[in-house]
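Student: Below you will find the structure I want to go over with you.
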Amino acid sequence: EEEFDRDVAEDLGLLQFVRLRKHHWLVDDAWFCDRITVQGPGACAEAAFPCYRWVQSEDILSLPEGTARLPGDNALDVFQKHREKELKDRQQIYCWATWKEGLPLTIAAESKDDLPPNMRFHEEKRLDFEWTLKAGALEMALKRVYTLLSSWNCLEDFDQIFWGQKSALAEKVHQCWQDDELFGYQFVNGANPMLLRRSTSLPSRLVLPSGMEELRAELEKELQNGSLFEADFILLDGIPANVIRGEKQYLAAPLVMLKMEPNGKLLPMVIQIQPPNPSSPIPTLFLPSDPPLAWLLAKSWVRNSDFQLHQLQYHLLNTHLVAEVIAVATMRCLPGLHPIFKLLIPHIRYTMEINTRARTQLISDGGIFDKAVSTGGGGHVQLLRRATAQLTYCSLCPPDDLADRGLLGLPGALYARDALQLWEIIARYVEGIVHLFYQRDDVVRGDPELQAWCREITEVGLCQAQDRGFPVSFQSQSQLCHFLTMCVFTCTAQHAAINQGQLDWYAWVPNAPCTMRMPPPTTKEDVTMATVMGSLPDIQQACLQMAISWHLGRRQPDMVPLGHHKEKYFSGPKPKAVLNQFRTDLENLEKEITARNEQLDWPYEYLKPSCIENSVTI
């Protein structure tokens, strides 16, 4: 990183633009320019011209002074001309594409090399990403060699591959994964805290056969007390399972009923692995009192189903793909002078490239899902379509989502508590910026660029999502602030909560098996250790799961914590003061969470502000 100073003898007066060009020499090596600042003579204020782009070839970049400006109606205004030309150029560069019908649109790029240069990983990020993939492949190869002549007949045999890159919490999971208490805990504070809901009635799919009157009475009692909860994986029903190396894999759509004890522990009461169907109108119900291996296998089916919904619905769709829609719409509709562009641009860093890599390596034909995951081979796309049809605006906003699921005020629900506090902090930050530029509701309504951005997200990127509560226009400051809070929260805190847990909860493969290799059990007495081991992933699948969990869940070396981006897109003291207050609020929450976690056996770290990345980058 270098700084260059240049003295100009004459007074340049009030500067509106700076033009920047890099001369082409023997090698066309692009330069990345952060910003240009101009200090006038005497007590003149410093003028800043943010860039944060690549300067390459013989292109001339025209950089406007960094004060944020709303669009005007004066066609002769130089700033208005600039923003119109900028958007026209960007709309040629940032184009929409359909990866799969029925899913949100993506950036038009067949591979990472097709992406606009300003959306690419910088060198440090690229080298680290590619090195860790190679390191993971080497670790997998070593584990395969190490286990070549070993048995794979009992759960302890998974210890043979449980070495290498893993976290302290993963070691605790290894020790306690069979406990019912930890099974229940994961629905609240694990890798996927998004599915659990408080029951308002007994689910219609829960068919209780004769002889289970005592269970019905227990369920009814918990229901009346408001302490009955459920996790229903019905979205998986009928999804075709993968075939891996010629071997058929299996999927289920379980239902789990759980009770909250007075001490705050969430314990499973009954598991129905498959919903009723004509050939099995009364499916087998599995209970904690069943033979231990039968109960363990039933819980393993639930954990496998949770793996599928977590990775596809709540991780890929609700964070990555939504963040990409926000990113592409922002580049297409909001010029660099727009205050909302300046607010959002730090939160879309690297998102287009990480998603493009996912579409070419993770969920592509022959990718990692096809090699190791039971929804691979096409089922994952069908599941994503179903999840997209259910994606609502409210589901992306924790105050609405947690209220809808009946989880507000739930003791021990650390994701819920931290998410609500972060939502409030982000909302105050967003409101602080918005109110600097939109003093009245009619200013919001009269901003054509802002309204076009809203329509681009809802009608184009999310494919007519107004039927699912997404706005097609902003009518007030409060409506705009709520939507922007959702955008920033999704690209930062929500992704952190959903992504980081992979390292802790998925490294010990039996706790969250990526695939199941035998059909779900229909009887309890016939379940043996051979049934359990024949159902769980084989060595190759388990090694791949461990490697990818580390690669995706670890802290990134060039990670930028929430609110701590170095780029200075705004000029002037007022936006800076709003950002500084945001950072102070985050520091106070950090101290609060750190003090709380010191008192816990299972600390919840994923929403500590220092652990939240400023954008979706992995």
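Numbering starts at 1 and runs along the chain as displayed.
In case you wondered, yes, glycine gets a Cβ from its N, Cα and C as well.
Pulled these from TrEMBL:
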type	residues	note
DOMAIN	1-69	domain 'PLAT'
BINDING	ASP29, ALA30	Ca(2+) binding site
SITE	TRP54	site 'Essential for stabilizing binding to COTL1'
DOMAIN	69-618	domain 'Lipoxygenase'
BINDING	HIS315, HIS320, HIS495, ILE618	Fe cation binding site
Student: Take every residue in the domain 'PLAT' (1-69), average their pLDDT values, and give the whole-number result.
Tutor: 83
Student: Going by C-alpha distance, which of the binding-site residues ALA30, HIS315, HIS320 is nearest to TRP54 (site 'Essential for stabilizing binding to COTL1')?
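Tutor: The answer is ALA30.
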Student: Counting by DSSP secondary structure, give me helix, strand and coil numbers for the domain 'PLAT' (1-69).
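Tutor: Summed over the domain 'PLAT' (1-69), the classes give 0 helix, 29 strand, 40 coil.
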Student: Around the recorded Fe cation site, report the further residues of that chain (criterion: Cβ within 8 Å of the mean position of the Cβ atoms of HIS315, HIS320, HIS495, ILE618; site residues excluded), sequence-ordered.
Tutor: LEU316, THR319, ALA323, ILE354, ILE498, ASN499, LEU552, VAL616
Student: Going by C-alpha positions, which of the binding-site residues (HIS315, HIS320, HIS495, ILE618) is nearest ALA30 (Ca(2+) binding site)?
Tutor: ILE618
Student: Within 10 Å of the Cβ of TRP54 (site 'Essential for stabilizing binding to COTL1'), how many other Cβ atoms are there?
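Tutor: Taking all protein chains shown, TRP54 (site 'Essential for stabilizing binding to COTL1') has 17 Cβ neighbours within 10 Å.
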Student: Take the C-alpha atoms of HIS315 (Fe cation binding site) and ASP29 (Ca(2+) binding site) and report the distance between them in angstrom, rounded.
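Tutor: That comes out at 37 Å between the alpha carbons.
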Student: Whole-number Å only: compute the distance from the Cα of ASP29 (Ca(2+) binding site) to the Cα of ILE618 (Fe cation binding site).
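Tutor: Given the Cα positions, ASP29 (Ca(2+) binding site) is 27 Å from ILE618 (Fe cation binding site).
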